[in-house]
Amino acid sequence: MNKLFRSLAFYMLILVISVAIAVQLGGTSQQTTQLVYSDLVRYIQQGEVRSITLSGAYAEGELVSGEKFTVQLPPSSSQAPLVEMLQQHPNIKLDFRQDNTSGIWAMLLQTLVPVVLVLLAFFFIMQQTQGSGNRVMQFGKSRARLVTDDRKRVTFDDVAGIDEVKEELAEIVDFLKHPKRYLELGARIPKGVLLYGPPGTGKTLLAKAVAGEAGVPFFSISGSDFVEMFVGVGASRVRDLFEQAKKNSPCIVFIDEIDAVGRQRGAGYGGGHDEREQTLNQLLVEMDGFSANEGIIIIAATNRPDVLDPALLRPGRFDRQIVIDRPDLKGRLAIFQVHAKGKPLEPDVDLEVLAKRTPGFTGADIANLMNEAALLAARRRKKKISMQDVEDAIDRVLAGGPEKKSRVISEKEKRVTAYHEAGHAVVGHMLPHMDPLHKITIIPRGRAMGYTLFLPVEDRYNISKSEILDRMTMALGGRAAEEITFGEITSGAQDDIERTTQWARRMVTEWGMSEKLGPLTYGMKQDEVFLARDMTRLRNYSEEVAGLIDEEVRKFVHMAYQRAIDILTEHRDALEKVSEVLLEKETLEGKELQDLLEQLLPPRPKPEPLKPRMVGGGTSQVAPAF
């Protein structure tokens, strides 16, 4: 910092002095006229000279017009005629000065200052470009960051909820620690490991944990850091990355979002992207070029493995592909325990209950949830995080944004919202395959005027036809309540209708749940151009079948809507009572909500158990919903 300050001060001083000299010389040159000797003689004879000072080989003076002048005189031996001429004109003030070289210096400075300024400017520019030149030379270098700080080392203890994945990667760690054990047996450790799964499931954290457990250098780079607008830069960076890795082997090279550079070649508009494909080609060569005993392991992460080039996924490059999915109940509990460390919790905080309340949450979601709970507790001036803080944080994450209690809502809209949400609650309570009702509120949050929250009690990986129809019926319960109560419908059911239509179409075209169309898939999945797949594909069904698909979708939606109408018509009193209580309290949840529904409605019907039935003379276990 001091060196930079001294350099700036030096250049500023030079600049100020140069400007001052230039201004002075510029001012003098603007007021003084350079005359030749013959002009001076003529002006003297014409009486146009007011004063003159002789100083050796130079003379300076002033004309009658006020204009100042300088003139170079002949040698001293030839100046006698000039002196005699001046003495003959007594009106001219004559003066003599000792010979000095001020005129010479003035002319010299006037000539040299611009040159000096140009040289200084050139020197300054060269110094600046010297650093820039280094940056230019670094342009083709890898941007990988070497992580070696032991204080921030991540281990497998920091990763929870994905024990099976950690077991897969433990082999990589053991190889990095004891490579001879594998090499003596002729074993070849996987050169590359591809981690793929939904965002937030811990792919990057796992890669850091592998490096932390093995205690080796960890290079981290994003796939987008390779490709630039200049041709050849990406390939150069790939080469430099592997050169650095070889110097620090054994080590781990982690490429995050590898789909940015590893996308399938020759796809999209124009046949692909030349620079990206060159970079990918170089990456393929480097991954297949180094031998197993060099101790370099590539770990890559992506949430779009389907768009990667097949050559990148073949054995010898990414030998091992590991799916990292959303954690189950046991995994979520372990993740909650990790993120609860270091946070003061009230005794009422039950992590197991929270794990049950958050199905589908990833590790990143849970980390964000606990952070939101801590922020809410701090905002409420608490010393510890309570269960209510975490519950409010869950609602904030699920519903989007804080409660908007300050929003001014008319009584009419508030009443419509109350009946809409009560319709969801009553219909959902009377459906056998619906999840338990957890909360209902008419306080706006995010873009919603209110919401009804059903929470599953277990993780599900398949869903039956009966469950889908129950969800569709519950979703349309709000619209049905509006029509039954007010005889008028609103736009508040827009999201409900979109979800219901989407479910119905997938039942017909993807899941084969239509009796009329049978167990067939209709229509090819269309991938966008930027996903490096074909831009579009023709549908694989006729116009007649398209009409049948629309008819079946309409049938499923109308069936669900009529079912919701029937339930609310039968339990109209319960709809009215729940709406009144909701208008009074605005939010109902937990035991209070369950007690109210059990008081107003009969017990929820239990789903029919799956029973074997005879199919074609044999016995097979078939779900009635399918």
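Glycine is treated like the rest: Cβ placed from N, Cα and C.
Taken verbatim from Swiss-Prot:
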TOPO_DOM  1-7  topological domain 'Cytoplasmic'
TRANSMEM  8-28  transmembrane segment
TOPO_DOM  29-103  topological domain 'Extracellular'
TRANSMEM  104-124  transmembrane segment
TOPO_DOM  125-626  topological domain 'Cytoplasmic'
BINDING   Gly197, Pro198, Pro199, Gly200, Thr201, Gly202, Lys203, Thr204  ATP binding site
BINDING   His420, His424, Asp496  Zn(2+) binding site
REGION    602-626  region 'Disordered'
In the topological domain 'Extracellular' (29-103), how many residues does DSSP put in helix, strand and coil? 25 helix, 26 strand, 24 coil
What other residues of the same chain, not counting His420, His424, Asp496, have a CB atom within 8 A of the CB centroid of the Zn(2+) site? Glu421, Gly423, Thr452, Ala475, Leu476, Gly477, Gly478, Arg479, Ala481, Gly492, Ala493
Residue among binding-site residues Gly197, Pro198, Gly200 with Cα closest to the Cα of Asp496 (Zn(2+) binding site): Pro198
Within the same chain, and leaving aside Gly197, Pro198, Pro199, Gly200, Thr201, Gly202, Lys203, Thr204, name every residue whose CB is within 8 angstroms of the centroid of the CB atoms belonging to the recorded ATP site, in sequence order. Leu195, Ala301, Asn303, Ile324, Thr362, Gly363, Ala364
Going by DSSP, is His420 (Zn(2+) binding site) part of a helix, a strand, or coil? helix
So what sits near Gly202 (ATP binding site) in its own chain, CB-to-CB under 8 Å and at least six residues off in sequence? Val159, Gly161, Ile162, Ile324, Thr362, Gly363, Ala364
Pro198 (ATP binding site) sits from His424 (Zn(2+) binding site) (Cα to Cα, rounded, in Å) at a distance of 30
Which of the listed binding-site residues (Gly197, Pro198, Pro199, Gly200) has the least company, meaning the fewest other Cβ atoms within 10 Å of its Cβ? Pro199
Taking all protein chains shown into account, the Cβ-based neighbour count within 10 Å for Asp496 (Zn(2+) binding site) is 18
May I ask for the distance between Pro198 (ATP binding site) and His420 (Zn(2+) binding site), taken between their Cα atoms and rounded to an integer number of Å? 34
Thr201, Thr204: which of these binding-site residues has the sparsest Cβ neighbourhood within 10 Å? Thr204
Within 10 angstroms of the C-beta of Lys203 (ATP binding site), what count of other C-beta atoms is obtained when all protein chains are considered? 26
What is the separation, in Å, between the Cα atoms of Gly200 (ATP binding site) and His420 (Zn(2+) binding site)? 34
Sequence-ordered list of residues in the chain of His420 (Zn(2+) binding site) that lie 6 or more positions away and have a Cβ within less than 8 Å of its Cβ, or none, is Met449, Gly450, Gly478, Arg479, Ala481, Glu482, Thr490, Gly492, Ala493
